[in-house]
Amino acid sequence: MAVTKKLILASGSPRRVELLAQAGIEPARLMPMDLDETPKRSEHPRSLARRLSAEKAKAALSAITGDPAWDGSYILAADTVVCVGRRILPKPELVSEASSALHLLSGRSHRVYTGICLVTPDRTLRQKVIDTKVRFKRLSTLDIESYLASGQWRGKAGGYGIQGIAGGFVVKLVGSYTNVVGLPLYETVNLLVGEGYDVHDRWLEG
């Protein structure tokens with residue numbers, strides 16, 4: 001049996017690790033990349049997701065270059081952007097920012113873009129951007145105050161995590177659910193398979 005080449009995940013997101021585990025994929029190394037995620041002037045949310053995922057992948061590649069232990073490895077990076085129209089809703093740092101985001105999302109449709117970037121063993125970059133449309137119910141004051149108190153908004157693009165309490169806010173979703181969680185699993189697995197990564201290697205171990 002051919003040896004499966006190592007996969008580096010250029011992220012520290014527990015959600016992305018969990019999603020990969022669902023597909024039987026276990027990264028050999030996690031490499032969170034601390035980059036400036038500020039959008040450029042007039043940058044479209046889709047373009048931002050694409051750019052940041054590529055920058056994370058390139059930063060991880062630069063960090064391992066020259067280390068023979070990681071020769072021929074794959075590097076996977078992702079970045080998720082939530083927006084209402086072209087207004088980008090970043091990860092809130094303060095309760096007030098999360099509150100503003102929830103008020104904006106209330107009763108409206110928004111889009112979630114996730115850019116995924118794969119560095120192949122021959123150091124070629126392969127990219128995709130996945131788009132999901134989500135509509136929230138009209139949130140009551142109690143909904144918002146209770147959600148803020150739960151703390152589940154922390155570290156989440158757009159100030160919410162669909163896999164938690166906020167899943168009950170969703171009236172309609174068109175597209176990939178896992179994209180909203182943080183990594184479009186179907187598209188990610190297809191990208192890996194298309195570039196020769198053996199995703200089936202650990203299925204029998206379960």
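Using N, Cα and C of the backbone, Cβ positions are placed for all residues, glycine too.
Feature list (source: Swiss-Prot):
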ACT_SITE  Asp79  active site, proton acceptor
SITE      Arg15  site 'Important for substrate specificity'
SITE      Thr80  site 'Important for substrate specificity'
SITE      Gln163  site 'Important for substrate specificity'
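Long-range Cβ neighbours of Gln163 (site 'Important for substrate specificity') (same chain, at least 6 residues apart, Cβ-Cβ under 8 Å): Arg15, Val181. Comparing the recorded positions Arg15, Asp79, Thr80 on other C-beta atoms within 10 angstroms of each C-beta gives the minimum for Arg15. Classification of Asp79 (active site, proton acceptor) by DSSP places it within a strand. According to its DSSP assignment, Arg15 (site 'Important for substrate specificity') is helical.
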